[in-house]
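J.: Positions annotated as transmembrane segment by TrEMBL: A:12-35, A:47-65, A:77-102, A:114-135, A:165-182, A:203-232, A:288-307.
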Amino acid sequence: MIGNFLDQFWSLTFGGLSLGFIYILIALGYTLVYGVLRMINFANSEIFMVGTFATVIVIRDVFHFTQSSEYATGLRLWFILATALVISMLVSGLLSVVVEVVAYRRLRRKNSGILAPLISAIGVSMVLAETVRIMTDSRPVAAPRAMDKTFIGQFFDAGVRLDNTIIVIAALLLFIALTTFINKTRMGKAIRAVSMNANAARLMGINIDGVISATFLIGGLMTGAAGFFYVLKYENTASNIGFELGIAAFTAAILGGIGNIKGAFFGGLALGLLETYASFFLGTQWKAVTVFVVLVLVLYTRPNGIFGESMQQSRV
Amino acid sequence: MINLRDKGAEVWEKSGRPARVAIVLASIAAVASLPLMGGTILNTPIASYESVLVNPVAMFVLMAIGLNIVIGKSGLLDLGYVAFFAIGAYTMALLGTRTGLNTWEILPIGIAMAMFAGLILGVPALKLRGDYLAIITLGFGEIVRIIALNLETLGRSEGILNIPTPPPIFGVEYAFDSHRIYFWTLLVLILLAIWMVRRLSARRAGRAWESIRQDEDVAELLGVPTFRYKIWAFVLGASVGGAAGVFYASKTLYIAPDNFTLQISILILACVVFGGMGNIWGVILGAVVLAYLPDRIRFLSEARLLVFGLVLVIMMNLRPDGLLPRKKREKALVVKEKS
């Protein structure tokens, strides 16, 4: 078992890394919203699910790929991938803004505590998941493969797959873009101000509703990108995938300290790797259990995340 | 809209003891005669009216009462309530098929198992803020299902077959298709649960829960041992779920992991929210309406969960107190002081 593990170590690690980057992007959706609202965006998992369907629709219906079509190459491939990525991000981003208006805005104005918005967000995610389930007849949907998933190189005997490489590089770029946006722009500064102290930010003339909408938009954009990468990697989706990925990404956000962008990064990577290694030893059917055990252990021992309070200073 | 709960309470306050006993007995008799009213407009197109009355209606009512202790009374959002239901059901299935124990002997064991699970989950989870609790319980509900799906002993996806029906009690036989008997037994369980909740609400535990629900920090500062009472609420809620599970397994004779999905937790949550969190009559009304309507109106049954999701959003936004809101306790106290 251990010998096997060492043999496959690098290929598992690459798989785990790309999964980790998918988690990072979804975890950003949770963490950004938590930063400004101090509430969990329960519908984020379904926003992700809708993002995966947007990707499938673009590849299958806009570019007319089928299971038997030839792989796209060169410039056309990059164009197709970029289009699918951008459209998934936009769909999820806009949906996320709508979710905020429907599930949170009214209750936020009434100051109705923490339970009511949580329940209404659960309702929204239920509506999203069920609508898609009824539209897809409860069946998983396969995404046609648009690209040749060849090995583009070797690393310690493990083949480095093109799709995993694209996911890691593109997600890293998105993450850098996000941190730059949060740290360097005016809107980013407003988001940071609201997450530090919403009342003080209001008194300073910051439009709180605008900032919250912007945060949901950015969180949704990142989550939508994760949906694209998920389809690229696993080539299928279903109306119920949001739940499992959502819990895992939320665990990742907690692991790094929720509300903290860097925390989402390290938490996502750690969880992606951990889950992949654990699946190797225990079998994939116990994947969700591993994640849950990690979540409980982290919350029980270090509820502020592995980086503790010191990182909280640099929260969003 | 008028507050039916307050109107009802007013009538109740005015009547003397004999009148109260009469009201209670009359209501119980009315509810108990429900299965005798079959063949009327209440019939549903899918299953017979009597079987719908047992499952889902009475089943949902029982579970909603249990979940109401957790969510409505103490304000703890439990999204994995189905776990306790599943634990009760699997206890019944395992012990019923492997040992000679019968349903009535397994019932307390199932309840104890569910309470124990509630304790195990509650100790780490209840130290956390409300929304973390929601996620932890959500995960727990799913984990129990995944474990049932993957353990050989629990029958994997095929589940467990040939679970025995309850043996005769007080000379009453439990034939597989005599839904009335099952309904009346459930009614007894429901009445017991109502009685337990009402007794506890009027006592120290009820006041502690109320204070936790309103403001946990203030309650803690005023000397309420919040953690202990939160555990109590959680464990009591679990016990009702466990009892429902035992009885469910014994009624359907066959259980599989598919019976215990996250959707059940959400459905029960919708019942509690729709009827009115914290008010037991509201919760019962909510459970009856939400369990019965999708079976009665055919096109609703396919989109049942969609409708329930909408119910959650709409109720929270427009009428967060539900159909029958909880009694305005402050108002009641003022009235009492004057008189």
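From the backbone N, Cα and C atoms, a Cβ is placed for every residue, glycine too.
TrEMBL annotations: computationally assigned, not manually curated.
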J.: Give residue numbers and ranges for long-range contacts of the transmembrane segment (A:47-65): same chain, 6 or more residues beyond its ends, CB-CB under 8 A.
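T.: Distal contacts: 26, 29, 72, 80, 83-85, 87-89, 91-92, 95-96, 99, 128-129, 132, 141, 143-146, 220, 223-228, 230-232, 237, 239-242, 245-246, 249.
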J.: What parts of the chain pack near the transmembrane segment (A:77-102), using Cβ distances under 8 Å and only residues at least 6 beyond its ends?
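T.: Tertiary neighbours of the transmembrane segment (A:77-102) are 29, 41, 43-44, 47-48, 50-52, 54-55, 58-59, 62-63, 71, 120-121, 124, 128, 146-147, 166, 170, 212-213, 216-225, 227-228, 232.
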J.: Counting only residues 6+ away from its ends, which parts of the chain sit with a Cβ under 8 Å from the transmembrane segment (A:165-182)?
T.: 17-18, 21-22, 24-25, 28, 81, 85, 152, 188, 191-192, 218, 222, 225-226, 229, 232-233, 261, 265, 316
J.: What residues in the same chain, six or more past the boundaries of the transmembrane segment (A:203-232), come closer than 8 Å to it by Cβ-Cβ distance?
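T.: Distal contacts: 18, 21-23, 25-26, 28-30, 32-33, 35-37, 41, 44, 47-56, 59, 81, 84-85, 88-97, 99-101, 104-105, 108, 143, 147, 163, 166-167, 170-171, 174, 178, 181, 187, 190-191, 193-194, 241, 245, 249.
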J.: Can you name the far-off residues of the same chain, 6+ from the ends of the transmembrane segment (A:114-135), with a Cβ under 8 Å from a Cβ of it?
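T.: Same-chain contacts beyond the ends: 39-43, 45-47, 49-50, 53, 95, 99, 102-104, 107-108, 239-240, 242-243.
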